[in-house]
Each structure stands twice: as C-alpha cells, then as structure tokens.
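K.L.:
According to TrEMBL, the record shows the following:
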type	residues	note
BINDING	ASN13, GLN86, GLY96, ASN97, ASN207, GLU231, ARG232, GLY242, THR243	substrate binding site
ACT_SITE	CYS95	active site, proton donor
ACT_SITE	CYS241	active site, proton acceptor
REGION	284-308	region 'Disordered'
Amino acid sequence: MSIEFEKFHGTGNDFVVVDADEYVPDRGAFAREVCDRRDGVRLTDGGAADGGATTAPTDSVGADGALFLALEPKFSPPRAVMTLVQPDGSTAAMCGNGARCAAKWAAERTGADTVMLDTQAGTRRAEISDDEVTIEMGAPSFAPGDVPLAPDREQPLVEETVEGVEVTAVNTGVPHAVAFVEDVDEVDLDAVAPAVRHADAFPEGANVTFASRRSEAGDGDTVAFDQRTYERGVEGETSACGTGAVAIAAVARRAGEIDGDASVGVFPPGGRLGVTFRGERASLTGPAEREFTGEISSTPEPRRVSEA
Ligand SMILES: N[C@@H](CCC[C@H](N)C(=O)O)C(=O)O
C-alpha cells in the first residue's frame, strides 16, 4: 500500500500532510514511522520523497507531526477537518503552525483565500496570502479546568515554581507552561523541560515554553520575545510552536507587561511569528510553505495491543 503526502513547514515546525481520504488504518503507527528524524520521510533527488527508498542519512527529514486533513470544498469559505497526530502517536487538540499549514494546503486545493478549519479546540478562521497565513486562535485560558491543572486546583497557576522552574500555565488550544528568563539561549531545555512537561500539576502534560523579552522590537512590532519550546508529543524542542507563541503573548499580557492591542513579534529558532489580540481572542501570523510532495511506500497496519 502506498499513500501520497505533502511536506509543509510553518516557521520551521514541519508536518507530513495527508489527505484524510488516503487509507491509513493506524494513524498513530503511521505518525511514529514517518515523523522519525532518522528513518522517517526522506528526501530523494529532485525534491520527491519516498518513505523507504533512500538510505543516505543526510537526506532524512522526519517531521514534528502528521496532519490528516479532510477537505469539505462545497462550503463557502471551504472547510477542512484537521487532526494532528504527533511523533509519539498521540493526538493534539490544536497546533498553531500546523493549522497555518493546513489552511495553506486547503487554499492551494480550492483557490480560496479564506478557509475554516475544524480542530478539536474549535473552528478557526484562516486568511491566506502569498507568503503568510493568519489564523484565529481563540481566547487563551488560565482557568484550572481549561489548562488543565490537577483536579483539586481552584486557582490559576501563575508565576509558581514547578520542578524548579517558575512558570505560568495557560491553554492556547493546548496546555503550555510558560517561563520568562533573561536569555532563552542559556536554557538547557532537554535538562529542565521534561520534568515540567510531566509534572503532577499538569495531568494531561504540558508543552514547556521559555521566553525572553528583546530589548528592541522591529518589523512594526510593539514588543518582541525570543522563544524556545519543548513540545509534548514530540518530546523535544521544535523550531517553532504557534500555540507557544500565543502563550507567551497571553502571559505577558496578563502580567501587564504589554498593552491589550500590542502587536507582538515572537522569534523561535525557525523565524518570526506575529501575535495580535482582538479583545481576548488571539490571532497568529507567519509563513507556511509546501516543501515537497511524495509517496510513502508502506502504510503500517493496526497492531494488536500485544504487538505494540
Ligand atoms: N507545534 C504546535 C503545537 C502542537 C501540539 C503540542 N505538541 C501538544 O501536544 O500540545 C503549534 O504550533 O502550536
């Protein structure tokens, strides 16, 4: 069995995009296989890709997740149902950069410049231009039940020490523990983030996002932050995280560090993301690009639990 895919990235956060009509009986097993940075999707010459043909390690690309997209083009604007399956086989309710890639994918198929995306975190409107996609991200929530925090917790977790790191917990579609530090590049993410990601405070886990404020903002931004995020499901650092960028802006806003209408530039290792607010609702802007298309030569079949 072989299936077609497209490889996209949003500010360096990269995804294998699969039309939901393709036969993938076990999405978790598929994502574990194709996202593997060593043995997953690989580039071959001429920009095509094949899941099993190439062996040169320098050509390995993997991905931060597999996006399954079900297009419903008969609506105006067109809609797509987005499901993100992560490299560990788990499903995430929302992905800011993945949603921007999904919107670009749907726009390329339909010619529309507005797309509605149905995610597990809600329906999100996306506006697509030549080089950027802006997506509505909803209202970030600090409420203990929304993050979620431990069931006996009644107050938001704000500037509290969790596993040695002072964090604020917010849900921007998925949970984030946000820590402001002097310099994100000084943080040993692999050493400190896993304990926070798995802390009892977060019964469903959390993405761990570090931020430091830049002394100057540019590009029309009112304020700018550097970002590094350790992602749940990837279990490592990614080049960018859209929900993390919104989380930084939301926590800074809650702390009164930025004005309600500020245009916030967030700089993960992969580039720049823009965050703005209309009332309590956030929007996320950044580049989304198709890198190449290909076929994956084998589709993992569902495994019995005893084989897993
Ligand atoms: N990279 C994403 C976030 C994906 C979900 C996350 N790993 C989780 O499990 O919550 C983004 O751009 O927002």
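Residue numbers in this text run from 1 along the chain shown.
Any Cβ shown, glycine's included, is placed from N, Cα and C.
I'm curious about the neighbourhood of these features; can you describe it?
P.N.:
Under the three-state DSSP scheme, THR243 (substrate binding site) falls in the helix class.
Note on CYS95 (active site, proton donor): other Cβ atoms within 10 Å of its Cβ, all shown chains, come to 28.
CYS241 (active site, proton acceptor): 35 other CB atoms within 10 A of its CB, across all protein chains.
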K.L.:
Give me the Cα-Cα distance between THR243 (substrate binding site) and CYS95 (active site, proton donor), rounded to a whole Å.
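P.N.:
About 6 Å separates the two Cα atoms.
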K.L.:
Relative to the Cβ position of ARG232 (substrate binding site), how many further Cβ atoms are located within 10 Å?
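P.N.:
Looking across every protein chain shown, the total is 22.
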K.L.:
Spatially speaking, which of the recorded positions ASN13, ASN207, ARG232, CYS241 is closest to CYS95 (active site, proton donor)? Use C-alpha to C-alpha, please.
P.N.:
CYS241
K.L.:
So the record assigns ASN13, GLN86, GLY96, ASN97, ASN207, GLU231, ARG232, GLY242, THR243 to substrate. If I measure every Cα pair among those residues, what is the longest distance in angstrom, as a whole number?
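P.N.:
About 15 Å separates the two most distant Cα atoms.
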